């Protein structure tokens, strides 16, 4: 820039606001003692403006020049002003030059994982009005922290053959808000009538199901008893609740996202991985093994998956000598990313970075070294949703953020440990609040866990803060999520102009973890639990 700045025709430089000459000799009295060098020029800080002093041939020139334009190395024409008043008056429109310059420099290319960089096209726009609108203009907001929204890509396509929820096309859920299960906690997610209650166990949904016969159940000591029919139906309910692999698919999808998280990767790329992994969750055989115990039904071994594309897979069911095992085999044929178009949410997952509490929209921003990012995944498969999320470290993260993420993980684990029939839902918040407070953190009160199954969100509500007024007690067969959001500062939140992104009111960081849970007769089953193949990303799990 120095070569371009040495000789300037001052007759061509005019005030960007009023058009008057921008050569100002009288402003010299306003100079302060602070000066910095820029090439052979000097700039004095005037608060809103800086004065540029340089030699134009034999002429000594002083100009009022926008300091941000200087920082961004923008042309002088359009950046010079005659007075402070003109600068103030035109600020609302002038600052758009800065935003355009930032976008052209920092968003000119987007690194998509390890692929070649691609330019942002016209379809990359900012999200507004809860996903119902887009704009090329940077939104105005009193930002609480350092994070800013970036443009988002267009909506991703879901193949026609995949089973979709009712909001996939129109954006508005139809069944969910009018369901009775918004007020009553659903226990049996599958059966809806007496006729369904009496159907044979061999009618379990799914391709290639293999289920226990009445003779096999008799060999297990269930047949011939007074409660034979009730026990058979109870087994049917347990198999249906556990064997739908939506939560396992969601876990595998989240693990795929976790593997690509590193500095330089955009959250839009994370969304792409989530989307493609969800719709491609086919060609896998899911084997569900359930042990029929003497007192109720105990899930001994839940899931083993085999890739049908693996030439080493023989297609044989592992042998079990005991008749006390109940086997169900299902062919997974692809899922739908539940968040996509849910109340017009524009993406297939939520990515919440640093001060974002939840519902962050994946965009063109590159993850930076020292960030933390939460990825929230929900998969809809064969009419059932599976939901989970985790918070990950990006590169080298400061100790306070590490403690925040670890504490949040521990809050979820402690909450899960008390889940069993007869426990009041309100007790979950007391457990979480106690642990977070002892660690010096706060618990978000605006968002809570929820019932899940055939509906994405339903009763019960699971507040995570102490002394809440949640009603109801846990019963075997209920499925719900626990998903504490823990803040490093105050618990209060604010909403970004996009209508989805909730951020901390003080701009400090927030972390979250979530699991989908099934209440069993003796405790709880974590349906979205970590798999042996899950990436090793949490240091505290290695030391335990």
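Keep in mind that glycine also has a Cβ here, set from the backbone N, Cα and C atoms.
For 359, 457, the entry in TrEMBL reads protein binding site. Taken from TrEMBL, the feature Zn(2+) 3 binding site covers 376, 387, 514. Under the heading Zn(2+) 4 binding site, TrEMBL lists 387, 450, 483, 514. What TrEMBL records for 40-105 is domain 'C6H2-type'.
The structure, with features from TrEMBL marked on it.
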residue: 359; record: protein binding site; contacts (Cβ under 8 Å, 6+ apart): 345, 350, 352, 376, 500, 501, 502
residue: 387; record: Zn(2+) 3 binding site; contacts (Cβ under 8 Å, 6+ apart): 247, 250, 338, 376, 377, 378, 452, 456, 481, 514, 516, 528
residue: 450; record: Zn(2+) 4 binding site; contacts (Cβ under 8 Å, 6+ apart): 457, 458, 459, 460, 461, 462, 480, 481
residue: 483; record: Zn(2+) 4 binding site; contacts (Cβ under 8 Å, 6+ apart): 389, 412, 447, 448, 449, 462, 464, 512, 513, 514, 515
Which are the residues of the chain, 376, 387, 514 excluded, whose CB is within 8 A of where the CB atoms of the Zn(2+) 3 site average out, their centroid?
377, 378, 388, 389, 481, 483, 516
Pop the mean pLDDT for the domain 'C6H2-type' (40-105) in here, whole number is fine.
61
Once 387, 450, 483, 514 are set aside, which residues in the chain still have Cβ within 8 Å of the Cβ centroid of the Zn(2+) 4 site?
376, 388, 389, 449, 452, 481, 482, 515, 516
Taking all protein chains shown into account, the Cβ-based neighbour count within 10 Å for residue 457 (protein binding site) is 20
Cβ-Cβ neighbours of residue 514 (Zn(2+) 3 binding site) (radius 10 Å)
24
